[in-house]
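Marked as transmembrane segment by TrEMBL: 12-33, 39-58, 70-90, 102-121, 141-159, 191-212.
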Amino acid sequence: MKTIRQFIAAETKTISVLILLSAFSILLLLFRIKLTQSHYFLFLVWNLFLAGIPYAITSYLKTLKHINTLSLLIIGSVWLVFLPNAPYIITDLFHLRYSSAHLVWLDTLIIIVFAITGLIFFYKSVLTMESIIKTYVEKRVVAFMLPVLFILVGFGVYLGRFLRFNSWEIINKPWTIITTILEIITHPRTHSAACFFTICFGLFLGVFYYIVKTTTIENKKRL
(Lines of atoms letter the chains of each structure in order from A and count residues from 1; the text may use other names and numbers.)
(Lines give C-alpha, C1' and ligand atoms only; values in the text may rest on other atoms or scores of the structure.)
Protein backbone atom coordinates (compact mmCIF):
# COMPACT_ATOMS: atom_id res chain seq x y z
CA MET A 1 0.00 0.00 0.00
CA LYS A 2 2.90 2.32 0.69
CA THR A 3 4.17 2.13 -2.88
CA ILE A 4 0.63 2.74 -4.20
CA ARG A 5 0.35 5.87 -2.05
CA GLN A 6 3.74 7.02 -3.31
CA PHE A 7 2.63 6.47 -6.89
CA ILE A 8 -0.58 8.45 -6.37
CA ALA A 9 1.41 11.26 -4.75
CA ALA A 10 3.87 11.34 -7.66
CA GLU A 11 1.12 11.18 -10.29
CA THR A 12 -1.33 13.55 -8.61
CA LYS A 13 -1.32 16.03 -11.51
CA THR A 14 -1.83 13.36 -14.17
CA ILE A 15 -4.56 11.59 -12.20
CA SER A 16 -6.30 14.92 -11.53
CA VAL A 17 -6.22 15.83 -15.23
CA LEU A 18 -7.57 12.41 -16.24
CA ILE A 19 -10.38 12.59 -13.66
CA LEU A 20 -11.24 16.13 -14.74
CA LEU A 21 -11.29 15.26 -18.45
CA SER A 22 -13.26 12.06 -17.84
CA ALA A 23 -15.83 13.95 -15.76
CA PHE A 24 -16.07 16.73 -18.35
CA SER A 25 -16.51 14.16 -21.14
CA ILE A 26 -19.33 12.42 -19.30
CA LEU A 27 -21.01 15.73 -18.38
CA LEU A 28 -21.02 16.77 -22.04
CA LEU A 29 -22.50 13.41 -22.96
CA LEU A 30 -25.19 13.68 -20.28
CA PHE A 31 -26.05 17.14 -21.60
CA ARG A 32 -26.48 15.67 -25.08
CA ILE A 33 -28.65 12.84 -23.74
CA LYS A 34 -30.84 15.36 -21.90
CA LEU A 35 -31.03 17.58 -24.99
CA THR A 36 -31.80 14.88 -27.56
CA GLN A 37 -33.34 12.11 -25.41
CA SER A 38 -30.96 9.79 -27.28
CA HIS A 39 -28.45 7.41 -25.69
CA TYR A 40 -26.59 6.84 -28.97
CA PHE A 41 -23.16 8.11 -27.84
CA LEU A 42 -23.25 6.21 -24.55
CA PHE A 43 -20.76 3.72 -26.04
CA LEU A 44 -18.08 6.40 -25.55
CA VAL A 45 -18.16 5.78 -21.79
CA TRP A 46 -17.37 2.10 -22.33
CA ASN A 47 -14.63 3.00 -24.82
CA LEU A 48 -13.11 5.38 -22.28
CA PHE A 49 -13.18 2.65 -19.63
CA LEU A 50 -11.30 0.33 -22.00
CA ALA A 51 -8.85 3.15 -22.75
CA GLY A 52 -8.00 3.36 -19.06
CA ILE A 53 -7.11 -0.33 -18.68
CA PRO A 54 -3.55 -0.05 -20.16
CA TYR A 55 -2.87 2.94 -17.91
CA ALA A 56 -4.13 0.98 -14.90
CA ILE A 57 -1.84 -1.94 -15.81
CA THR A 58 1.31 0.17 -16.16
CA SER A 59 0.40 2.14 -13.04
CA TYR A 60 0.21 -1.15 -11.13
CA LEU A 61 3.55 -2.30 -12.57
CA LYS A 62 5.14 0.96 -11.49
CA THR A 63 4.19 0.31 -7.86
CA LEU A 64 6.04 -3.03 -7.82
CA LYS A 65 9.57 -3.01 -6.45
CA HIS A 66 10.53 -5.93 -8.66
CA ILE A 67 8.88 -8.13 -11.28
CA ASN A 68 10.44 -11.15 -12.94
CA THR A 69 10.82 -11.29 -16.71
CA LEU A 70 8.15 -13.96 -17.24
CA SER A 71 5.54 -12.02 -15.27
CA LEU A 72 6.43 -8.85 -17.17
CA LEU A 73 5.99 -10.67 -20.50
CA ILE A 74 2.57 -12.02 -19.48
CA ILE A 75 1.30 -8.72 -18.08
CA GLY A 76 2.91 -6.85 -20.98
CA SER A 77 1.03 -9.06 -23.46
CA VAL A 78 -2.28 -8.27 -21.75
CA TRP A 79 -1.32 -4.59 -21.80
CA LEU A 80 -0.56 -4.76 -25.53
CA VAL A 81 -3.92 -6.40 -26.30
CA PHE A 82 -5.81 -3.57 -24.57
CA LEU A 83 -3.52 -0.71 -25.63
CA PRO A 84 -5.23 0.03 -29.01
CA ASN A 85 -8.42 0.87 -27.10
CA ALA A 86 -6.86 4.12 -25.87
CA PRO A 87 -6.27 5.85 -29.24
CA TYR A 88 -9.20 3.99 -30.83
CA ILE A 89 -11.61 6.69 -29.61
CA ILE A 90 -10.23 9.03 -32.30
CA THR A 91 -11.91 6.85 -34.91
CA ASP A 92 -15.27 7.38 -33.21
CA LEU A 93 -15.33 10.58 -35.27
CA PHE A 94 -16.72 8.24 -37.95
CA HIS A 95 -20.03 8.42 -36.09
CA LEU A 96 -20.41 12.10 -36.98
CA ARG A 97 -21.95 10.97 -40.25
CA TYR A 98 -25.07 10.11 -38.25
CA SER A 99 -25.21 13.46 -36.42
CA SER A 100 -27.91 16.03 -37.08
CA ALA A 101 -26.66 19.16 -38.83
CA HIS A 102 -27.58 21.40 -35.89
CA LEU A 103 -25.83 19.13 -33.36
CA VAL A 104 -22.70 18.14 -35.28
CA TRP A 105 -20.65 20.76 -33.38
CA LEU A 106 -21.66 19.27 -30.02
CA ASP A 107 -21.05 15.71 -31.16
CA THR A 108 -17.63 16.71 -32.52
CA LEU A 109 -16.74 18.37 -29.21
CA ILE A 110 -17.87 15.34 -27.19
CA ILE A 111 -15.86 12.86 -29.26
CA ILE A 112 -12.77 15.10 -29.29
CA VAL A 113 -12.79 15.44 -25.49
CA PHE A 114 -13.20 11.67 -25.08
CA ALA A 115 -10.43 11.10 -27.66
CA ILE A 116 -8.02 13.51 -25.95
CA THR A 117 -8.61 11.72 -22.65
CA GLY A 118 -7.93 8.39 -24.36
CA LEU A 119 -4.70 9.73 -25.88
CA ILE A 120 -3.48 10.93 -22.48
CA PHE A 121 -4.18 7.45 -21.10
CA PHE A 122 -2.25 6.02 -24.06
CA TYR A 123 0.85 8.21 -23.89
CA LYS A 124 1.18 8.08 -20.10
CA SER A 125 0.88 4.31 -20.26
CA VAL A 126 3.49 3.94 -23.01
CA LEU A 127 5.89 6.33 -21.24
CA THR A 128 5.59 4.28 -18.05
CA MET A 129 6.05 0.97 -19.86
CA GLU A 130 9.09 2.37 -21.66
CA SER A 131 10.72 3.32 -18.35
CA ILE A 132 9.97 -0.15 -16.95
CA ILE A 133 11.35 -2.02 -19.97
CA LYS A 134 14.54 0.07 -19.91
CA THR A 135 15.45 -1.65 -16.65
CA TYR A 136 15.46 -5.00 -18.48
CA VAL A 137 16.90 -4.23 -21.94
CA GLU A 138 19.24 -1.70 -23.54
CA LYS A 139 17.97 1.72 -24.60
CA ARG A 140 18.66 1.03 -28.28
CA VAL A 141 16.44 -2.06 -28.11
CA VAL A 142 13.65 0.06 -26.62
CA ALA A 143 14.21 2.66 -29.35
CA PHE A 144 13.57 -0.10 -31.91
CA MET A 145 10.57 -1.49 -30.04
CA LEU A 146 8.65 1.81 -29.91
CA PRO A 147 8.07 2.24 -33.68
CA VAL A 148 7.04 -1.43 -33.85
CA LEU A 149 4.65 -0.82 -30.95
CA PHE A 150 2.98 2.13 -32.68
CA ILE A 151 2.53 0.11 -35.88
CA LEU A 152 1.02 -2.78 -33.89
CA VAL A 153 -1.34 -0.37 -32.13
CA GLY A 154 -2.32 1.15 -35.47
CA PHE A 155 -3.07 -2.35 -36.76
CA GLY A 156 -5.05 -3.11 -33.60
CA VAL A 157 -7.16 0.01 -34.13
CA TYR A 158 -7.79 -1.11 -37.73
CA LEU A 159 -8.94 -4.54 -36.54
CA GLY A 160 -11.31 -2.91 -34.08
CA ARG A 161 -12.71 -0.14 -36.25
CA PHE A 162 -13.06 -1.83 -39.62
CA LEU A 163 -13.17 -5.56 -38.83
CA ARG A 164 -15.04 -5.04 -35.52
CA PHE A 165 -12.81 -7.25 -33.36
CA ASN A 166 -12.79 -6.62 -29.60
CA SER A 167 -9.85 -7.07 -27.21
CA TRP A 168 -11.48 -9.97 -25.33
CA GLU A 169 -12.03 -11.91 -28.56
CA ILE A 170 -8.37 -12.91 -28.38
CA ILE A 171 -9.70 -15.38 -25.78
CA ASN A 172 -12.98 -16.62 -27.29
CA LYS A 173 -12.10 -16.20 -30.99
CA PRO A 174 -8.31 -16.58 -31.13
CA TRP A 175 -8.13 -18.55 -34.39
CA THR A 176 -10.45 -16.15 -36.18
CA ILE A 177 -8.21 -13.25 -35.23
CA ILE A 178 -4.99 -15.13 -36.05
CA THR A 179 -6.22 -16.25 -39.48
CA THR A 180 -7.45 -12.73 -40.25
CA ILE A 181 -4.09 -11.22 -39.28
CA LEU A 182 -2.18 -13.81 -41.32
CA GLU A 183 -4.43 -13.14 -44.31
CA ILE A 184 -3.64 -9.42 -44.18
CA ILE A 185 0.11 -9.96 -43.64
CA THR A 186 0.51 -12.54 -46.40
CA HIS A 187 -1.62 -10.61 -48.92
CA PRO A 188 -0.73 -6.94 -48.34
CA ARG A 189 -1.73 -5.86 -51.86
CA THR A 190 -5.21 -7.28 -51.42
CA HIS A 191 -5.48 -5.51 -48.07
CA SER A 192 -3.78 -2.25 -49.05
CA ALA A 193 -6.34 -0.21 -47.07
CA ALA A 194 -5.34 -2.06 -43.89
CA CYS A 195 -1.64 -1.43 -44.55
CA PHE A 196 -2.20 2.24 -45.38
CA PHE A 197 -4.31 2.87 -42.27
CA THR A 198 -1.87 0.97 -40.03
CA ILE A 199 1.16 2.94 -41.25
CA CYS A 200 -0.58 6.34 -41.15
CA PHE A 201 -2.08 5.79 -37.70
CA GLY A 202 1.18 4.36 -36.40
CA LEU A 203 3.08 7.42 -37.69
CA PHE A 204 0.50 9.70 -36.07
CA LEU A 205 0.99 7.99 -32.71
CA GLY A 206 4.77 8.01 -33.08
CA VAL A 207 5.04 11.70 -33.99
CA PHE A 208 2.86 12.80 -31.10
CA TYR A 209 4.67 10.43 -28.74
CA TYR A 210 7.92 12.19 -29.61
CA ILE A 211 6.26 15.57 -28.98
CA VAL A 212 4.78 14.46 -25.64
CA LYS A 213 8.03 12.86 -24.49
CA THR A 214 10.16 15.86 -25.50
CA THR A 215 7.77 18.25 -23.76
CA THR A 216 7.75 16.09 -20.62
CA ILE A 217 11.55 15.99 -20.50
CA GLU A 218 11.80 19.76 -21.00
CA ASN A 219 9.30 20.40 -18.20
CA LYS A 220 11.26 18.13 -15.84
CA LYS A 221 14.47 20.01 -16.63
CA ARG A 222 12.82 23.32 -15.75
CA LEU A 223 11.70 21.90 -12.44
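The chain as shown is numbered from 1 upward.
Each residue, glycine too, has its Cβ placed from N, Cα and C.
Whatever TrEMBL says is automated annotation, not expert-curated.
The model shown is predicted, which means the values in this text are computed figures rather than measured ones.
Residues 87, 119, 122-123, 126-127, 146-147, 150-155, 157-158, 162, 183-184 of the same chain lie 6+ residues outside the transmembrane segment (191-212) yet bring a C-beta within less than 8 angstroms of a C-beta in it. Beyond the ends of the transmembrane segment (12-33), by six or more residues, the same chain brings 39, 41-42, 44-45, 48, 52, 55, 103, 106-107, 109-110, 113-114, 116-117, 120-121, 124 to within a C-beta distance below 8 angstroms of the stretch.
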